[in-house]
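Read the structure below first, then the notes.
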Amino acid sequence: MISSLLKKVFGSRNDRLLKQYRQTVARINALEPAMQALSDEALAAKTQEFRDRLGKGEKLDDLLPEAFAVCREASRRVLGMRHFDVQLIGGMSLHQGKIAEMRTGEGKTLVGTLPVYLNALSGDGVHVVTVNDYLASRDAGIMAPLYNFLGLSVGVNLSQMAHDDKQAAYACDITYGTNNEFGFDYLRDNMVFSVDEKVQRKLAFAVVDEVDSILIDEARTPLIISGPADDNIDMYQRMNAVPPLLKRQETEEGEGDYWVDEKAHSVLLSEAGHEHSEEILTRLGLLKEGDSLYSATNITLMHHLMAALRAYSLFHKDQHYVVQDGEVVIVDEFTGRLMAGRRWSDGLHQAVEAKEGVEINRENQTLASITFQNYFRLYGKLSGMTGTADTEAYEFQSIYNLETVVIPTNKPMIRKDSQDKVYRSAKEKYDAILADIKDCHERGQPVLVGTTSIENSELVANLLSQAKLPHNVLNAKEHAREADIVVQAGRPGMITVATNMAGRGTDIVLGGNPEPEIKAVRADDSLSDADKNARIEAIRAEWKQRHAAVLEAGGLHIVGTERHESRRIDNQLRGRSGRQGDPGSSRFYLCLEDPLLRIFASDRVAAIMDRLKMPEGEAIEHPWVTRSIENAQRKVEGRNFDIRKQLLEYDDVANDQRKVIYQQRNEILVEEDVSDVVINMREGVISDLVDLHLPPESLEEQWDLAGLEKTLASDFLLEVPVAEWIKAEPNLDIEQIRQRIVDMAAAAYQAKVDQAGDGVMRQFERSLVLQMLDNHWREHLAAMDHLRQGIHLRGYAQKNPKQEYKREAFELFADMLERIKRSVVQVLMTVQIRGQEDVDAVEPHALPDFEMQHAEPGSALGDDEDNPLSPEALASQGLRINRNDACPCGSGKKYKQCHGRLA
């Protein structure tokens with residue numbers, strides 16, 4: 001009440017920001033006549049003038065009005081597009097490191113040119129981040145003439161690009177690329193063996209297109225670079241026979257062997273299921289007679305069994321993945337795109353391959369990983385654009401410290417969004433959808449049908465084919481034709497069926513887009529200039545007629561075949577219609593069999609239908625129902641936010657360690673001579689050994705002289721007669737003994753250096769330290785994974801899992817650093833280097849074979865199959881937690897407000 005009153009008096013934060021921006025817009029507009037008066041050469045020369053002024057101490061903010069005016073005028077001349085005032089406002093918010101929410105069709109790509117130009121003047125490089133290679137190439141191609149006119153270079157960073165091409169792309173003033181590629185390049189740069197092999201420069205400023213898709217939807221999926229580990233391929237094939245022999249429980253407490261929890265996306269084996277599984281595995285010869293699945297020797301069996309069960313019951317063909325050319329290819333659940341080359345981790349991908357009967361690839365070992373949250377927080381300044389950010393403004397603020405600014409539209413939005421229609425069965429729903437599409441088609445109104453999976457898009461396409469309605473299908477299988485289909489989706493009577501429209505990046509122009517036809521005419525050398533002009537005029541006249549017909553029919557009509565679990569993605573689908581003040585309409589059709597309703601709201605809605613005695617084919621259409629569904633979506637969004645936040649809290653621990661290791665690694669890469677590092681390591685290892693065998697402030701009788709001599713001889717080839725020294729000099733103290741051993745080790749090592757040559761040994765030392773650092777870091781990553789997977793069990797011992805994780809992770813890290821030092825010193829003291837050829841033989845010249853993995857959302861949290869914090873799992877273990885008790889996950893919340901909320 002009070003806050004709404006204050007807003008009325010003072011305006012919201014958004015209103016106040018827009019007011020500030022409009023004052024700057026007035027200054028930019030005042031400069032426009034002066035800019036228009038400049039010649040092309042004088043306008044382009046402004047870039048160097050700005051750079052000179054920056055060199056003399058001026059700030060980017062001081063240059064902003066003039067730089068924006070220059071960019072706008074250059075855009076008008078080169079691209080034929082002049083920035084609207086609201087686009088200038090969007091550009092200012094991006095320059096300030098904020099998120100600009102701009103409706104579809106408001107020209108986000110053009111808005112990005114303003115802050116990109118301004119920040120590229122500093123010479124540190126600007127990264128423009130998009131969701132796929134197609135958009136990166138397209139946007140770079142469209143905008144390159146503008147930037148080149150202004151004297152800036154543009155590069156595109158694509159996957160599968162040659163190393164030299166990548167370096168060239170990053171060396172440009174502006175680099176376009178995908179979020180995955182930027183992240184993977186960062187990880188790869190921290191695996192190279194020479195500074196010259198690095199591709200990235202300083203991470204100064206990034207503009208993220210479709211920022212909600214990248215920083216929120218994909219923030220649950222860590223980027224992982226992994227290499228093959230030794231694994232038993234045969235095990236996956238044999239284990240694939242088990243799930244069909246087990247019985248799925250109809251209800252959580254019902255009879256059967258396992259329960260599929262769709263909310264938690266997990267599979268839980270019942271007590272009977274454990275026993276039945278053991279019988280089957282014994283029969284298959286995988287388990288010894290009388291042996292238990294839980295014995296220490298059978299840990300891998302349990303891992304394989306749960307992977308097979310999850311592949312069998314949770315991951316479905318044409319929804320979560322497709323089989324293409326004998327390979328299982330993941331489908332991105334947020335964009336519906338195929339993610340070639342990405343693999344699920346934890347053996348799940350191999351289990352799916354076994355299920356589909358395709359060739360199984362080896363399980364992988366993590367070589368490097370990072371979450372998008374921690375990668376993008378490495379940038380000095382981060383900003384983003386999207387059509388739908390306001391629903392997630394709190395998350396952007398709390399995790400990335402990014403403020404969301406809602407930019408007003410250039411023209412008022414007049415799209416009509418109708419209430420949801422809810423039917424009892426899928427058949428009734430699809431009948432209604434078909435009737436709606438048919439009506440639009442007959443009236444010449446274009447329709448975009450949005451689906452949440454490839455499976456659903458093909459189902460709708462089949463229904464349209466049966467009804468003899470012409471249509472285009474836009475899903476991950478039609479990747480190549482994607483842009484062409486979207487461009488023409490606004491033609492009269494056109495029907496387009498599409499999976500999630502997030503990140504499609506192409507506006508649907510009412511009447512279809514005439515530009516491809518015009519481009520083809522211009523490229524036709526067989527036509528004279530007069531013929532070309534005549535044809536182009538005819539194409540434009542024809543488009544005007546089509547455009548008018550579509551406006552008359554009501555603009556683009558959006559049909560949603562079901563609600564997504566996120567309101568934002570529903571809003572993205574709606575946002576395809578009503579661009580730049582065009583008319584349009586939208587409606588979602590739902591039924592009680594839809595996943596969202598089935599899991600969260602079916603009982604309530606079914607009860608209403610029963611009470612009203614609704615006949616078949618009748619739909620509920622009421623604001624209360626729509627509100628109820630949005631509340632269900634809010635619940636899912638809140639849960640997903642909790643998962644991402646928890647993932648970040650855990651990854652922050654790993655991130656601190658990652659920064660230390662990568663910084664140390666970079667220092668070694670830069671140095672040609674790491675002998676000082678080696679000396680410190682050697683002295684540290686010897687000092688620790690002396691402390692272990694001759695504890696400080698201990699009596700001489702407690703010293704283990706024999707143990708010290710034996711360790712020095714066996715591990716470091718040092719024959720050190722400590723006992724004889726003490727016999728000869730009874731007053732010798734520990735510090736003197738320590739110094740003598742250090743001096744002996746230094747002398748022994750110097751003899752090796754003299755024999756092999758100083759340059760050869762310096763090269764070998766550097767190579768060895770890098771290899772040991774990498775090897776132990778990989779082992780540490782695996783240890784951290786295992787620690788994370790079981791850490792939530794500490795909640796049952798009344799300990800805080802996060803605190804325990806931090807404490808143990810620190811101990812693991814400290815232990816790893818000690819092992820690195822000892823390994824390096826041990827090898828250097830024992831190795832025999834004869835000359836350069838020995839160093840060349842052991843020095844790595846290239847990165848190991850690896851692949852980029854797309855880990856399953858939430859897997860980095862250690863959400864293993866038997867999640868003991870789910871209400872179902874707690875009940876199956878006979879544990880009853882009072883709703884007001886502290887939640888065992890260690891969050892500090894009451895159980896009813898934490899994991900109990902999901903019951």
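Glycine is no exception: its Cβ is also placed from the backbone N, Cα and C atoms.
Owing to the predicted nature of the structure, the values given are computational and were not obtained by experimental measurement.
The ATP binding site annotation in Swiss-Prot covers Gln87, Gly105, Glu106, Gly107, Lys108, Thr109, Asp507. Residues annotated as Zn(2+) binding site in Swiss-Prot: Cys887, Cys889, Cys898, His899. What Swiss-Prot lists as region 'Disordered' is 565-584, 855-877.
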Neighbourhood of Gly107 (ATP binding site) by C-beta distance under 8 A, where only residues 6 or more apart in the same chain count: Met81, His83, Phe84, Gln87
Beyond the flanks of the region 'Disordered' (565-584) by 6 or more, those residues with Cβ under 8 Å of it: 103-106, 212, 216-217, 334, 387-388, 391-392, 409-417, 448, 450, 500-502, 507-508, 510, 551, 554-558, 595-596, 630, 633-634, 636-637, 640
Secondary structure at Thr109 (ATP binding site), reduced by DSSP to three states: helix
Among Gln87, Thr109, the one of these binding-site residues whose Cβ has the fewest neighbouring Cβ atoms within 10 Å: Thr109
Sparsest-packed of the listed binding-site residues (Glu106, Asp507) - C-beta count within 10 angstroms: Asp507
For Lys108 (ATP binding site), nearby residues of its own chain (Cβ under 8 Å, 6 or more apart in sequence): Gly90, Ala100, Met102, Asp209, Met385, Thr386, Gly387
DSSP-derived class (H/G/I helix, E/B strand, else coil) of Gln87 (ATP binding site): helix
Where Asp507 (ATP binding site) falls in three-state DSSP terms: coil
